[in-house]
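**Q** Features from Swiss-Prot:
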TRANSMEM  7-29  transmembrane segment
MOD_RES   Phe7  N-methylphenylalanine
Amino acid sequence: MNAQKGFTLIELMIVIAIIGILAAIALPAYQDYIARAQVSEAFTLADGLKTSISTNRQNGRCFADGKDTAADGVDIITGKYGKATILEENPNTADGLICGIYYEFNTTGVSDKLIGKTIALKADEKAGKLVLETVNSKTTNVENKYLPSAFKKP
């Protein structure tokens, strides 16, 4: 009598079930990883605009050349997943002129978890850094788990 070679149907079904379970666990984790990577672009662009704000403040405004509105290419940077814009809050507030950066994600070409989401950052000039805060009525509505650890909301 010849010995059978190969796998039985039950063994193959068990392997397929295990692969399915692993895929069900890995897919959401991968989607979160993609969203976090896309959010990092916002902070990269904001870091470049932070330097512009510091230079622009020497002219007494948040925008380049002391203008009243953001100029494309100077105060507005378009990335692969969205657009970062310098904001200026009313200089007549008790705190004086407040500068910030507003990042808005594109409606296409980004993770489903980021469509229509925004990030608002205030330039803390004394500390020389950006902080997650409402600026000129613009807020952050990206889920906390996608933000870098230094910017997580309490």
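Any Cβ shown, glycine's included, is placed from N, Cα and C.
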**Q** How many other Cβ atoms sit within 10 Å of the Cβ of Phe7 (N-methylphenylalanine)?
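**A** Phe7 (N-methylphenylalanine): 11 neighbouring Cβ atoms within 10 Å.
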**Q** Once the DSSP letters are reduced so that anything not helix or strand counts as coil, what is the residue listed as 'N-methylphenylalanine'?
**A** coil
